[in-house]
Amino acid sequence: MAAPKVAVVGAGVIGLSTALCITEMCPSCSVTVLSDQFSPNTTSDVAAGMLIPHTYPGTPIHVQKQWFKETFAYLFAISNSPEASEAGIHLVSGWQVFKNTPEEELPFWSDVVLGFRPMSEAELQKFPQHRFGQAFTTLKCDCPPYLLWLEKRLKATGVQMYTRKVADLWELHSEYNVIVNCAGIGAHQLVGDEKLFPVRGQVLKVHAPWVKNFIRDGDGLTYIYPGIHRVTLGGTREKESWSLSPDPGTTKDIFDRCCSLEPSLRGAQDIKVKVGLRPSRRCVRLQREVLSQGGVKFPVVHNYGHGAGGFSVQMGTAKEAARLVGECIAALPGSSSRAKL
């Protein structure tokens, strides 16, 4: 049969990573990315891109850890290459601080990041409101540079990209053999997933080049993440809010909270406000499904619902989605698939 045609719906970090893994694991495929928005207008462009995992209550911890390990190893290799600057990937050291000692002093990901250790008494003096802390080095992806780098890599392998609003997966069945749904919050409408809900995040992107270390409050609400050009200050977690309009009161609250952790931020310049809707579920939806209509069967792979943790598990879930695509291709009528499963 002719080269199987695969369409990836969605061009955020999950869609682009998944498309890249499909080209690597199923080289005989023709891959197309379809999305109504590309960088710099995706939810991923608002994200800070820090590799600090978010926990999914509905997913086994060993699976989450594997996703994180694979993603960390992949991005660490890029950070150690001549492409690091163009890809916007760099190592950043810092602190996660707690007002009270957490029940879990060693998170499941502590041996994946670099140099994880309890903070010393001397370090804790920087945070008089906090009684316990953890110090470590992790990776940060600066967006949009990282998304643009992924797009460039995809185009170099022959992947086509089209701006297109997909309202129903069935509209693609005459053009493609397999569909990969990486629509993020768009999957709520696209496939009617009632388990998917938005968690609104408002962040500030500021110019404060003297801030070199990340600082994250243990509750995950207040954070300071230095990038190559700008520092991301956050944030909010507003469940079921669909509003993309910045709220001035929230902007002041975020700024004040971050300044209480790092007083020097009072001198930050050029404050830009961004809002994104995290596509949240109890667990990432990562599965094969065969749609059926009037005797026609149509294979779909879902990879969405990463919430606040998309950047931390992007490559782990993308590899699993690519493996599922390989299974779909092998099951196509007349397939002589040689996908590297």
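The backbone N, Cα and C atoms fix where each Cβ goes, glycine too.
For the signal peptide (1-19), same-chain residues at least 6 beyond its ends with a Cβ under 8 Å from one of its own Cβ atoms are 26, 28-35, 37-39, 42-44, 47, 49, 141, 143, 146-147, 150-151, 154, 159, 161, 166, 169, 172, 175-184, 186, 190, 303-304, 306, 310-311, 314-315, 317-318, 321-322, 325, 329, 332, 334-337. Sequence annotations record features per position, and here TrEMBL assigns signal peptide to 1-19.
Per TrEMBL, domain 'FAD dependent oxidoreductase' is recorded for 5-324.
Per TrEMBL, the feature FAD binding site maps to THR43, SER44, VAL166. The number of other CB atoms found within 10 A of the CB of THR43 (FAD binding site), across every protein chain shown, is 24.
Residues annotated as D-dopa binding site in TrEMBL: TYR223, ARG278.
In this entry, FAD is bound by THR43, SER44, VAL166, whose most widely separated C-alpha atoms sit 19 angstrom apart. Ranking the binding-site residues SER44, VAL166 by other CB atoms within 10 A of the CB puts VAL166 at the bottom. There are 24 other Cβ atoms within 10 Å of the Cβ belonging to TYR223 (D-dopa binding site).
The two recorded residues, TYR223 (D-dopa binding site) and SER44 (FAD binding site), have Cα atoms 17 Å apart. On the backbone, the CA of VAL166 (FAD binding site) and the CA of ARG278 (D-dopa binding site) stand 20 Å apart.
Regional average pLDDT for the domain 'FAD dependent oxidoreductase' (5-324) in the model is 96.
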